[in-house]
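Noted in Swiss-Prot for the protein shown:
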- 14-198: domain 'UmuC' (DOMAIN)
- ASP18, ASP116: Mg(2+) binding site (BINDING)
- PHE23: site 'Substrate discrimination' (SITE)
- GLU117: active site (ACT_SITE)
Amino acid sequence: MLIFPLINDTSRKIIHIDMDAFFAAVEERDNPALKGKPVVIGKDPRETGGRGVVSTCNYEARKYGIHSAMSSKEAYERCPKAIFISGNYEKYRTVGDQIRRIFKRYTDLVEPMSIDEAYLDVTDNKLGIKSAVKIAKLIQHDIWKEVGLTCSAGVSYNKFLAKLASDFEKPHGLTLVLKEDALCFLAKLPIEKFHGVGKKSVEKLHDMGIYTGQDLLAVPEMTLIDHFGRFGFDLYRKARGISNSPVKSDRIRKSIGSERTYAKLLYQETDIKAEISKNAKRVAALLQDHKKLGKTIVLKVRYADFTTLTKRVTLPELTRNAAQIEQVAGDIFDSLSENPAGIRLLGVTMTNLEDKVADISLDL
């Protein structure tokens with residue numbers, strides 16, 4: 001017996017665009033001498049005493065098992081000839097904006113998921129093109145011609161399948177999943193490839209003998225709900241290619257933050273407070289850009305031994321004032337117990353966001 005109704009809208013035309021090794025690809029585009037060489041976006045461990053982490057890397061570097069969040073030291077050990085580049089995030093953001101403008105030629109229903117990927121609903125697109133595959137090919141062509149980068153595209157009738165499809169053939173691939181092919185497509189996939197299924201859920205599913213989409217399809221709904229609660233129903237739907245989540249052109253931001261990992265550990269309070277100030281000003285600028293105000297300020301501190309502390313303070317009124325954010329974040333730091341270990345990461349985040357309203361004085 002079904003606990004929740006199964007409604008499968010297969011009438012939509014959804015595209016998921018995922019840029020190929022985006023940061024590294026931008027660097028290769030701007031420096032052709034890098035092409036064909038393993039490129040890692042991250043601090044060179046030879047210059048930082050082995051500290052730092054990999055932000056991303058190109059496909060050549062991935063052949064050596066290098067991946068994002070790996071320590072730069074391990075990346076170097078795996079591939080001593082890798083070229084490490086610190087990265088220019090303002091440049092990447094500018095390129096990302098250029099790509100989003102290309103998306104907007106075809107539809108206003110664009111939901112950016114990050115700087116290098118987005119969902120597009122092209123069911124009723126601006127050019128009246130009936131084929132979503134044709135639109136995906138045009139977007140790939142436009143991005144290559146105007147930006148000099150490649151992307152992979154997934155096309156299907158919902159976001160879940162489109163996302164899986166874009167991962168299926170990279171780089172510069174295009175995969176279509178029709179409604180009549182969805183079950184076959186999902187059946188062959190390892191369960192860890194299912195978007196939205198995290199590491200702990202994968203471990204639990206493996207313990208239940210579920211390794212593929214085909215295995216998941218065979219499990220009764222109530223069994224999944226008993227083991228996973230409401231998420232069990234989501235798994236039941238995913239196995240059947242059902243997801244009616246809309247493409248939201250204006251995603252509701254739940255938080256705005258800025259954090260930085262330091263190649264050289266921070267010990268001195270003056271240095272720590274200076275970095276808190278930089279993060280606070282960055283958050284204030286982002287709040288201004290997104291026309292948001294916030295009430296809860298969160299400070300994140302990660303020490304040399306990777307112990308991570310987060311502490312928050314909720315203000316009585318909304319703000320986006322840099323000095324106020326800096327003051328509160330600094331006060332939070334002062335309230336933490338002293339730790340002789342150096343600090344490797346500091347972050348400041350504003351949550352409890354609301355849209356800007358006219359009757360609030362923002363800079364007082």
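Yeah, the Cβs are placed from backbone N, Cα and C, and that goes for glycine too.
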Using DSSP and three states only, what is PHE23 (site 'Substrate discrimination')? helix
Within a 10 Å radius around the Cβ, which one of these recorded positions has the most neighbouring Cβ atoms: ASP18, PHE23, ASP116, GLU117? PHE23
In the predicted model, what is the mean pLDDT computed over the domain 'UmuC' (14-198)? 94
